[in-house]
Amino acid sequence: MEKRKIILDCDPGHDDAIAMMMAAKHPAIDLLGITIVAGNQTLDKTLINGLNVCQKLEINVPVYAGMPQPIMRKQIVADNIHGETGLDGPVFEPLTRQAESTHAVKYIIDTLMASDGDITLVPVGPLSNIAVAMRMQPAILPKIREIVLMGGAYGTGNFTPSAEFNIFADPEAARVVFTSGVPLVMMGLDLTNQTVCTPDVIARMERAGGPAGELFSDIMNFTLKTQFENYGLAGGPVHDATCIGYLINPDGIKTQEMYVEVDVNSGPCYGRTVCDELGVLGKPANTKVGITIDTDWFWGLVEECVRGYIKTH
């Protein structure tokens, strides 16, 4: 099995924590570093959340703080979904784990420049860190093997009728990434909403046990409530974790190649990922867009990762 070298760029975040849990444990993934961006909450909060998850699950991977603001737009957060801390629900021990002193953007640039072009970037929050790295050092572009991101939708948005939160939180950054020429895989809402985590899934992970089973339960029981209140969903989708699933085994997710453009014009479609599903524009595809996911396979994968944290001694 090939180990995919990745940098996970996230804004923890409930589903981000599940993505971290999976990426750090599955043997098909070589998690080099975790970079944190503002998104679901402000950077000071998303950083603490990322460090708390690493400390609880003993994820011994360096964590780097990145962009505290979007490139241009006024900052927004998703406190209606993720709560005041950005990771409401779990109770963590006093935090002793610390972030690295290097800025996340510098870490991304330095790591890619020193690589053989075999590192995949996995941004599952706003694309601010990735876009700034691309603008600061364009020489990283040919060094990026692939970008597998959570964001966007070819159908309806979730933060506006047109836009998904991660893209809407920094559309200009998304525009930089989608015009970069780097191979892109997009897990948008059309796919990720298929991973609604219902009470029976939570019970399954509780039965699996260990610190990851406990954390999964605390996290997803909180989003059960907020997702129903905001969207009428029967549970919280684990949006970000689909990217890790794809990297472990892309056969579990059906994708379609499309030309995708991010709308950065002010107006009702600001932040929309315009996906040319039918090819009517005649432009070459720049993105593999997730369409459907084998949910039985996916939840089995999540459980496998949860069980990986159970200590046998």
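The first residue you see is number 1, and the count goes up from there.
Cβ coordinates are placed from backbone N, Cα and C, and glycine is handled just like the others.
As the structure is a computational prediction, the values presented were derived from the model and not from experiment.
Same-site candidate for Ca(2+) binding, as annotated by Swiss-Prot with Asp11, Asp16, Asp240, chosen from Val124, Val132: Val124. Listed in sequence order, the residues Cys10, Pro12, Gly13, Asp15, Ala19, Gly39, Asn40, Gly125, Met150, Asn166, His239 complete the 8 Å Cβ shell around the Ca(2+) site centroid, once Asp11, Asp16, Val124, Asp240 themselves are left out. In the three-state DSSP assignment, the secondary structure recorded for Val124 (Ca(2+) binding site) is coil. Looking at Gln227 (substrate binding site) and Val124 (Ca(2+) binding site), their Cα atoms lie 18 Å from each other.
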